[in-house]
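Straight from TrEMBL, the features:
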- 208: active site (ACT_SITE)
- 212, 213, 214, 215, 216, 217, 218, 219, 249, 250: ATP binding site (BINDING)
- 114-272: domain 'Fido' (DOMAIN)
């Protein structure tokens, strides 16, 4: 089958929404409930929750493209760029600054119309490979043929050929006009945000306007669309779900980008992905708020070793510390003796901070218990 951009009616997409009413309702309810929940917390806690989501999105959207960043580097870069620290925190990997800048810009971009200049700026942000910057246009449309591929170098799977470079400027003019016209304040504002996010993502990825970075920019645009409907930065990490379904994501993109312009299957898949991202974001934010409540309660009740161990466990997020915390791990983290570790763990259990996991004896492990954020 031919690529959909070769279709005579391109880009007049069609889709059926009958099967989507339930997921659209659930997404709207979850998004509004979470926004309302955050409205009732102080600004510091709210900022921490939003930063956690941005850090996660930055890491996951990069992983989808085979790039890996340290979580602490991304967090420090975001905090530095938001001006949340009086003295800039160290960022060991300067590449983290680019993806962090994209996350911040994308969460502010919903307030103004999309322009090619903003897309060029975003492209400059994600092009962190110095060797690649010398070989392809940066902050401009691509000037060469483009194949959409996935997989490791040397074993790539070719999905389809994008429009030739001489067509890209006109295609992107049309895309930008469509994006702005279908925004909530636009002249064609008639699409629920998850549907619009799905359509624009396929539309953008089919054009593939840049030499590199299209996936990260396309996913950022989808989050902008969700933010525009909410009227505030969307509280989710779309790429977290896509990363766990990476093969399925590329398979669905590949299928939708060929044949006719009926993209019902793609829209349904993407809308369900957005809903799952929203559900996972609720868990993440409740975890962040639970951490804040925890330290309010236990700031002065724990010794230095216990504090260090708990902070290390919290870094693992809502999923928790794999296998729980054992005396052996405690010794490894703190450098204390096994007897001290056992005593500290017993104290934490007595305080209700730790809960013993199933099992016992020499393999006793504990999970962290956070207070309910409600």
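Glycine is no exception: its Cβ is also placed from the backbone N, Cα and C atoms.
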Nearest-integer angstrom distance between the alpha carbons (Cα) of residue 216 (ATP binding site) and the residue listed as 'active site': 11
All-chain count of other Cβ atoms within 10 Å of residue 212 (ATP binding site): 21
List of residues, in chain order, with Cβ under 8 A from that of residue 214 (ATP binding site) and at least 6 apart: 204, 205, 208
C-beta crowding around residue 249 (ATP binding site), within 10 angstroms: 21
Of 208, 216 (the recorded positions), the residue whose Cβ has the fewest other Cβ atoms within 10 Å: 208
